[in-house]
Structures are given as C-alpha cells and as structure tokens.
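Enquirer: One structure coming up, written as structure tokens, with questions to follow.
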Amino acid sequence: MAIFDQMKNDDYEQIVFCQDKNSGLKAIIAIHDTTLGPALGGTRMWEYDSEEQALEDALRLAKGMTYKNAAAGLNYGGGKTVIIGNPNKDKSEEMFRAFGRFVQSLNGRYITAEDVGTTVEDMDIIHEETDFVTGISPAFGSSGNPAPVTAYGVYKGMKAAAEEAFGTDCLKGKTIAVQGVGNVAYHLCNYLHEEGAELIVTDIKKSSVERAVRDFNAKAVDTDEIYSVQCDIFSPCALGSVVNDKTISQFKAKVIAGSANNQLKESRHGDIIHEMGIIYAPDYVINAGGVINVADELIGYNRERAMKKVESIYDNIKKVIDISKRDQIPTYRAADRLAEERIEKIKNSRTQFLLREKHILRRKNL
Ligand SMILES: NC(=O)c1ccc[n+]([C@@H]2O[C@H](COP(=O)([O-])OP(=O)(O)OC[C@H]3O[C@@H](n4cnc5c(N)ncnc54)[C@H](O)[C@@H]3O)[C@@H](O)[C@H]2O)c1
Ligand SMILES: CC(C)C[C@H](N)C(=O)O
C-alpha cells in the first residue's frame, strides 16, 4: 500500500505504529493536523478484519477529529488511535500501560480519550504512564466517561435538525430509529423517551436491545431492518459508513442525526441524501459533546461550563443548515467549509519565525 500517497492525499502529519510483544499491543496512532493545537481524539479497540482496515479507520477517524475540533471552536487538532483486538477478551493492564508509554513518547502532540471499545478504567491505566490522556476517573478531578455528554449534544443537535425538517424542535410523538444502543445511544434514548418520542432500536448485542426495550419502551428490530423502518428520524449510533448505496434507498426518515463517526461511506452519499431532501446533521458537528467535555478537563474540569458549551451544538447545527441553504450545498459540505476556513485562517497567521524556549538556537547562546 502506498502509505505516503495516502497521507499526502488528505494531508496527514504522522502515523505511529505501536508494537509491544509482551502485552500483544498492536496500535496505530494517526495524527492528521495540529494547526489549531495538539491532536485530541479517542482510542478505539476493535477486531479488524485486516491491518489495512485498521489503518483506514484510524486515518478517517483522525481526520474527523480535526474537523470536529475545529468546527466546535476548540483549540485542538485531530488524531485518533485504533488498537487492534477484541475489547471483550484481549484487554490487559500491561497492554494499556504499553500504549500509554507510546502516547507519552509523543510528548503532547497527541492526547487520547475513550472511543468504541475503551472505557474510563482503560484510560486510568493509560494515565499511569502518561499525562496526555483525558476522560479518566472523576476521582482524579477529571470528567469521566464522555458518552453521556456526547448524548446530550446529539439530543440538542437532533432538535435543531428537526426544527428545519418539521418546523418544530419538539420531539414528542416523533418516531426515532436508533442504530446501536451502546454508551452514547442509551443516554440519548433516555433524553428522547423523556421528551415523549417513540423509539425503534437495534443492536448486535442482545442485552443492549433488551435494556432499551425495558427502560424506554422501545420497539426492537433486526439489525438490517433499521434502515427501512417507518420513522421521522434515523439516528446512527454504532459504527461508520452506514449511509451508503445499499441503505439510502431504504430510508424513510426526513432527518439523519446520530453519534456515529464517519456516517457517510463516501461524500457522494451526502450529495444523494441532500437531493432526497433529508436533513443530515453532520456527524462531527453533532457528536462533538464528548470531545468538548474532555477538552474542558485540560483546563481544570468544570461540568457546568462544559455542558453550556455542549448546548451550543444546537446553534452549530443551525449554522451549518444556514450555510447549506445560503450556498446551495449539502450540509456535510457546509460543515467542512466551517472547519476548513477556521484552520486555514490560523495556518496563514503562523508565518513568522518564533524562538521558543527550548529551541536549538539557544544552545549557541543566540
Ligand atoms: N463515546 C463518545 O463519547 C463518542 C463521542 C463521539 C462519537 N462517538 C461515536 O458514537 C458511536 C457510538 O459510540 P459509543 O461510545 O456509544 O460506543 P459503544 O460501543 O458503547 O456503542 C456502539 C453500539 O453499537 C453496537 N453495534 C455495533 N455494530 C452494530 C451494527 N452493525 N448494528 C447495530 N448495532 C451495532 C454495539 O454492539 C454497541 O452496543 C461510535 O461511532 C463512536 O465513535 C462516541
Ligand atoms: C475525545 C473523545 C471523547 C473522542 C470521541 N470518541 C469522539 O469521537 O469524538
């Protein structure tokens, strides 16, 4: 595989392949862009079919974090890690400590947190080896699990998208199909149920489905049925690429708004759903609650401040919809424009040479 060509295409800065024989760690840290600040993005643990697939996921997710952080107004760049392995059976203390040492070796260029397959407990172990980790236990004065906060942001963003599609942001009586009822979606379903929405859910994990049926009176459907159910809103909250050639023709929803990263398989799928009149809340704008929350931890965590910032996801989705209407472009392009313009402005303002404290010239007493 022509890795450098791939890096050049989307302008990635760095890829770090991490191997530790003793613990079995195989991880890929991808750093996409650090114009706005150090790369901040979670660690996913997943049993990939191939190493190529793992790399592709790390790259896509890292780029997504660049855009997510930029669009959310955070002063962080984008990066992400994937650990290759089954989170239900391959985890160990020594594996996460080994990974923590690799994170530390980047000296702050990359800061990690939770993603699919990793937990607060895993972050606490990583923290034994590095300070460049967030989403650790509240006992350390930190923010803990970002998922409930992500859910709150998705709920707010969904309301903003609903306002555009239905003329009201009230979700009472709306039917919402939720794909994947894991960490984020469980909390999302709670908000939706409280507001009086009807829920249809699916998950590959039977116990998660049963929990949603029990707690929120949700109707359960098979995993491949979720795309075609009669509903007002489709909420993808599992993995990526679910808006694709196979699924698009099945959609009945007027809104797509969920927590999953990289929901569009290819950008052309964003064009197609736009032409179909579906209001798509761009994934990295609507699911920024978690990263906003862990970013707050880096300045001394204040939950009230973090939640206030997360509420602004409502306005951010509105802003993206306004740009989309003004410029006659799909919402995913409007979101990209928002993020890219901010990064470009900062990039262009960083042109002059600065002598930093530890710069090599200091050695010559200049
Ligand atoms: N956790 C966060 O704070 C956060 C923040 C931003 C974005 N996200 C994204 O949101 C999504 C969900 O994250 P999470 O933390 O809730 O993860 P999670 O692992 O707790 O939940 C994902 C759920 O999806 C299910 N699932 C996987 N494949 C499926 C399929 N084909 N059909 C149906 N269900 C399937 C899993 O069994 C699991 O229950 C991910 O894409 C993640 O990257 C999470
Ligand atoms: C920093 C983390 C909270 C990142 C989160 N997993 C996301 O995709 O946004």
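Cβ coordinates come from backbone N, Cα and C, glycine included.
Relevant sequence annotations retrieved from TrEMBL are reproduced here:
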type	residues	note
ACT_SITE	K80	active site, proton donor/acceptor
BINDING	G180, V181, G182, N183, V184, A185	NAD(+) binding site
Enquirer: Roughly how many Å separate the Cα of G180 (NAD(+) binding site) from that of the residue listed as 'active site, proton donor/acceptor', to the nearest whole number?
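Expert: Rounded to the nearest whole number, the Cα-Cα distance is 21 Å.
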Enquirer: Within 8 Å of the Cβ centroid of the NAD(+) site residues G180, V181, G182, N183, V184, A185, which other residues of the same chain have their Cβ?
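Expert: Going along the sequence, the neighbours come out as A147, V178, Y186, L188, D203, S208, C237, A238, S259.
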Enquirer: To the nearest whole angstrom, what is the C-alpha distance linking N183 (NAD(+) binding site) and K80 (active site, proton donor/acceptor)?
Expert: 19
Enquirer: Under a threshold of 6 Å between Cβ and any atom of ligand 1, which of the recorded positions K80, G180, G182, V184 are retained?
Expert: G180, G182, V184
Enquirer: With H, G and I counted as helix, E and B as strand and the rest as coil, say where DSSP puts V181 (NAD(+) binding site).
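Expert: Its secondary structure by DSSP: coil.
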Enquirer: Please give me the CB contact count at 10 A for A185 (NAD(+) binding site), counting all chains in the structure.
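Expert: Counting Cβ neighbours of A185 (NAD(+) binding site) within 10 Å gives 29.
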Enquirer: What residue among the binding-site residues G180, G182 has the most other CB atoms lying within 10 A of its CB?
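Expert: The most densely surrounded of these binding-site residues is G180.
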Enquirer: Taking 10 A as the limit, how many CB atoms besides its own sit near the CB of K80 (active site, proton donor/acceptor)?
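Expert: The Cβ of K80 (active site, proton donor/acceptor) has 30 Cβ neighbours within 10 Å.
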Enquirer: Taking the Cβ of V181 (NAD(+) binding site) as the centre, how many other Cβ atoms fall within a 10 Å radius?
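Expert: Neighbour count, Cβ to Cβ under the 10 Å cut-off: 29.
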Enquirer: So, three-state DSSP: helix, strand or coil for the residue listed as 'active site, proton donor/acceptor'?
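Expert: Where the residue listed as 'active site, proton donor/acceptor' sits, the three-state DSSP reduction gives strand.
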